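Some notes on the structure that comes next.
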Amino acid sequence: MGKGYYISKHLATAAMVLAAIALVTIIALSVVYNREKSKNAAKFSKATTLPVFPTPKTSNEPWDKYRLPDTLSPQYYNVTLWPRLVKNANGMYIFTGISGVMFTCEKKTDLILIHSNKLNLTVFKGHHAKLTGLSGVTAPAIKTTWFQSETQYLVIQLEGKLKPGKDYWLYTEFTGELADDLEGFYRSEYMENGEKKIIAITQMQATYARKAFPCFDEPGMKAVFHITLIHDRGTTALSNSQEIKNVIIDGMAITRTIFGPTKRMSTYLIAFVVSDFTYIDAKDKKGVRIWARKKAIEDRQGDYALNITQPILEFFEKYYNTSYPLSKSDQIALPDFNSGAMENWGLVAYRETALLYDPRTSANGNKQRIVTVVSHELAHMWFGNLVTVKWWNDLWLNEGFASYVEYLGADYAEPTWNMKDQTILYDLQSAFAVDSLTSSHPLSRKEEEVNTPSEISEMFNTISYNLANEQSLESKKNTLETGLKTPRTHHGNRTAVDQTPGIKLPYSVHEIMNRWILQMGFPVVTIDTRTGNVSQKHFLLEPEAVVDRKSEFKYVVKHHHCDITFENPSYKSNGCVKPHKNEWVLANLHVSGYFRVNYDLGNWERLLSQLESNHQVIPVVNRAQILDDAFNLARASIINITLALRTTKYLLHEREYIPWEAALRNLNYFFQLFDRSEVYGAMQAYLKKQVKPLFEYFGTISSNWTTVPSGHTDQFTQIIALSLACSTGVEGCRELTRSWFKKWMQNPPNNAIHPNLRSTVYCNAIAAGGAEEWNFGWQMFQKATVAAEAVKLRSALACTKVPWLLNRYLEYTMNPEKIRKQDATSTIGYIASNIIGQPLAWDFIRANWDYFFKLYGTGSFIFSGLIRDVTYRFCTPFELSQLKRFQKDNAETGFGSGTQALQQAIEKTTAKIKWLEGNKEPVLQWFLSESA
C-alpha cells in the first residue's frame with residue numbers, strides 16, 4: 001500500500017472566534033463591580049393578602065413587551081423568605097416573603113415594570129407595592145397597579161415622573177406556593193430511613209426568579225442581593241453568600257439566617273436551599289463543601305466530587321489568571337432537579353447523578369459525567385457569572401465556552417482519561433447533526449428573535465452548547481489563553497483585542513465575529529486528488545431543502561499547501577491538493593476544523609484500503625471522523641451508501657473506543673430506519689460478524705468477563721462489546737447476561753454484576769424475560785439509594801418486550817410517587833427507544849400533551865428532548881402525516897421549547913422518506929453479501 005500524507009485544515013473562523021472570545025473576556029472581566037451595601041434592614045411582617053387586580057386588555061403598551069424598558073436599573077435587593085415545610089390549613093405548602101429593591105432611574109418615566117409570576121402580593125392602600133425616594137428624594141404617588149399575566153409583570157403606574165439619576169425603593173410582601181414544579185422556589189421530597197423529607201430549593205434559570213420574589217428578571221439587570229431565610233430549627237439554610245448570622249427567634253421553633261451581600265450578579269444565578277442535608281469539606285481557603293442527603297454523605301458518595309472540585313478551581317484560576325471570586329464554593333446534590341446542574345454563584349446545584357459517586361454501584365461513565373459536569377459548572381464561576389451575557393440570544397457565549405473548558409478542567413483532574421479527544425463524539429458530531437438542518441440557527445440570534453420564556457428555553461440547545469464549543473479548538477489554545485490572561489487594562493471596545501500584545505488577528509474583530517456567529521450551518525469540503533481541485537458548499541442532510549436564512553459571509557479555509565477563500569454557498573480552487581500516485585489524502589487532521597470532508601472515489605478507496613491493512617496509521621479521532629463523515633455524506637446523497645458502509649469493515653480489527661462509538665451512533669440511525677423491515681436481519685448478521693472479535697477480545701483480557709480493563713476508555717469499549725454482541729446474538733452473550741441477572745434475583749442483597757456492565761445486563765435480562773424480571777427490576781429501583789443505580793434500572797425497565805408492561809410503565813410517569821417529575825420525560829424517551837414501546841409512547845404523548853404542557857410550563861427545557869425521542873424512528877409517509885397532524889391539533893396549546901424540535905422532526909422525517917426510496921434496496925443487498 002502506498003504511503004499517505006495529512007492535510008491539517010483549520011477553518012479561519014475557528015481561529016477568529018477565539019480572538020473574539022478573548023475580546024469578550026477581556027472586556028467583561030475588567031468590569032468594576034459595585035459593592036454598595038444596603039442600609040435598609042427589612043423586617044418580616046404579617047400583612048393581610050387581598051385579591052389582585054384583573055389583567056387589562058392587551059395593547060401595544062410597554063407592559064405587553066417581553067423585554068424590560070431601559071428606564072430603571074436595579075442596584076440591590078433585600079429579600080427575606082420563609083418556606084413552610086409542612087402543609088397549611090388548606091393542604092398547601094407555601095412560602096411568604098418580603099422584598100425591597102433599590103433602583104436608579106435612568107430615564108424619566110411614570111411607569112415601573114417588575115417581573116412577578118404566581119405570587120400573591122399584599123395590597124397596601126389599594127396597591128401591590130410601596131414606593132419611596134432615597135437621599136431626600138420624594139417619590140411620586142402610585143396611581144394604579146395590576147398584573148400583566150402574559151408578560152409576567154407587576155405594572156405600577158405613577159401619578160408623576162421618576163427623576164433620572166435618583167434612587168428609589170420599591171417594597172413588596174407576598175405569598176407563593178412551594179410547589180413541586182421544579183421551577184423558581186419549589187419543594188422536593190424524598191424518603192430516608194422510612195421517613196418522608198421535605199426540602200425547599202430553587203432553580204431560577206432562565207425566567208423563574210420572578211416566581212420567588214418580584215425582580216427585574218433579565219440577565220443584564222445585575223444587582224447585589226441581601227438574602228435572609230427563615231426556617232425551622234434543625235434545618236440548614238444555604239444561599240449564594242456565606243451566612244454571617246443565625247438568629248434564634250424567641251418563642252418560635254425557627255431560625256433567621258442572614259447571608260452576606262452577594263457580588264453584583266444576575267437574578268437567574270440566585271439560589272437558596274432549606275434542608276436537613278449535611279456536608280463534607282476540604283477545609284481550604286476556597287470554602288469547598290459537598291452537600292447531600294445525610295445517608296449519601298455517610299456512605300461517602302460525595303468524596304469523589306470533593307477530591308476533584310478544589311483542583312479544578314485551582315486550574316481555572318490559572319487558566320483565567322483571576323482568583324476565584326467568592327469566599328465559598330458549595331456544591332449540592334438535589335433529589336429533584338430539572339436540569340443536570342446549575343451554576344448558581346457560590347451554591348452550585350446538581351442532580352444527584354451529576355455529583356454523587358459510589359464505587360460499589362456507580363459505573364465508570366458515572367464518574368466521567370461527574371468530573372465533566374463539575375468542571376462545566378465551575379467554569380461558569382468566571383465565564384457566565386462574573387462575565388454575563390446581556391440577553392439570552394447570546395447564550396452561546398456562556399455555554400459554548402464552558403462546554404469547551406469543561407474538558408480542560410476534567411483533563412487536569414483526570415489526566416489519564418484522554419478527555420479532550422472525546423469532544424469529537426460529545427460535541428462536534430452532536431453539533432453537526434443539528435447544524436445540518438435548515439431549521440438550525442446561527443450561534444447568536446437578533447435580540448428581537450428571543451423574547452418569550454419558551455423562546456428563551458429553546459436557546460438551551462445543542463447549537464449553544466456544542467457548536468459554540470467548536471470555536472474553542474485545542475489547535476488554537478495559545479491564542480485563547482493569551483486573550484484570557486491579557487492584563488485588564490485592555491478593555492472597553494473591539495480595538496482592545498485588535499491591539500492586544502501577543503494576539504495577531506487576520507481581520508478586525510467585527511469581521512471575525514459576524515462570520516462565525518451570524519451564519520448557521522457548516523461546509524462540506526470536497527477534495528479531488530486527481531486534479532488537485534478543492535471545492536466547498538453548505539452541507540445539508542436534505543440537499544434540496546430551501547434555506548430561508550441565507551448567509552452573507554465568506555469562509556476561509558487554510559491548510560499546509562494553500563489558502564482557499566470559499567464564497568458562500570460554493571467556491572472552487574484549482575490545483576491545490578494533488579498527491580503522488582498511490583498516496584492518500586486525509587484532511588482536517590485531528591478534526592480541528594468545523595466542516596465535513598469528501599474526496600474523489602479513488603482517494604476514498606485508498607483510505608479504506610489503509611484502514612483495512614493498518615488502521616493505526618490514521619489517528620484515532622480521524623478514524624471516527626471518516627466513519628461519521630462517510631455516513632452523513634451518504635445520508636445527504638453526496639456519496640453512495642455502500643461506500644459509507646464499507647468504512648465499518650475494518651472494525652473487525654478496531655479496539656479503540658472513539659471510532660467504535662462513532663460507528664455505533666451512525667449504525668443506530670440505521671437500526672431505527674430498518675428494524676421494522678427485512679433489512680434488519682441481514683444487518684444484524686453483518687454486525688454480529690464485525691463485533692464478535694471485539695467480544696472475544698474482552699472475554700480474554702477480562703478473564704471471561706470477571707474483571708474490567710484498567711484503561712478508562714477501554715472500559716467504555718468493553719461495554720460496547722457486550723451490548724452489541726448481545727443485541728446481535730453473538731453466541732454466549734445473552735446467556736451470560738441472563739445468568740448474572742438470575743443470580744442477583746436469587747440473592748437480591750448481593751449484586752455481583754460490575755457497575756460498568758449493569759445497564760447492558762439489566763436491559764438484556766428484562767428484554768428476554770417477562771413480568772417476573774420486570775417486577776424484580778421495579779422493586780430494586782424503588783429500593784435504590786444511589787441515584788446512578790436508580791437510573792440504570794429505570795432505563796432497563798423500558799427494555800421489556802411485553803406491551804402491557806410498557807403501557808403500565810408509561811402510566812407511572814404521570815404519578816410522581818412512582819417516577820419523579822424530573823425523570824418522567826426521560827423515562828418516556830427510554831420507552832420510545834424500544835421498537836415495541838415507540839408507538840405506545842407516541843400515542844401516550846399525543847393523548848396527554850395538554851397534561852404535560854400544563855405540568856411543566858411553556859418555558860420548560862424538556863419538550864425538545866421529549867419530541868425528539870418519541871419521533872426518532874419516524875421514516876414513513878404515514879408517520880410524517882401524523883407529525884403534521886400533531887402539530888396542527890396542538891397549535892393552540894403550543895409546544896414551548898419543543899417548537900423547533902417539532903419542526904426538525906418533520907424535516908428529518910421528510911429527508912428519511914426521500915432517502916429510503918433510493919437506498920433501501922442497495923443497503924439490503926450490501927448487508928446480504930457481506931454477512932454471507
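In case you wondered, yes, glycine gets a Cβ from its N, Cα and C as well.
A quick note: this is a predicted structure, and the numbers were derived from the prediction, not measured.
Look at TrEMBL and you will find 12-33 tagged as transmembrane segment.
Mean model confidence of the domain 'Aminopeptidase N-like N-terminal' (74-269) amounts to 95 (pLDDT, 0 to 100 scale). If you look up TrEMBL, you'll see 74-269 marked as domain 'Aminopeptidase N-like N-terminal'.
Among the features that TrEMBL reports, domain 'Peptidase M1 membrane alanine aminopeptidase' is placed at 304-466.
Residues within less than 8 Å, Cβ to Cβ, of His376 (Zn(2+) binding site) and separated from it by at least 6 positions along the same chain comprise Ala341, Ala402, Ser403, Glu406, Gly409. Residues or ranges marked as Zn(2+) binding site in TrEMBL: His376, His380, Glu399.
Annotation source TrEMBL lists active site, proton acceptor at Glu377. Every protein chain considered, the tally of other Cβ atoms within 10 Å of the Cβ of Glu377 (active site, proton acceptor) stands at 27.
The site 'Transition state stabilizer' annotation in TrEMBL covers Tyr465.
Per TrEMBL, the feature domain 'ERAP1-like C-terminal' maps to 584-909.
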Proximal but sequence-remote residues of the same chain as His380 (Zn(2+) binding site) (Cβ under 8 Å, at least 6 apart): Glu343, Asn398, Ala402
Rounded distance in angstrom between the Cα atoms of Glu377 (active site, proton acceptor) and Glu399 (Zn(2+) binding site): 10
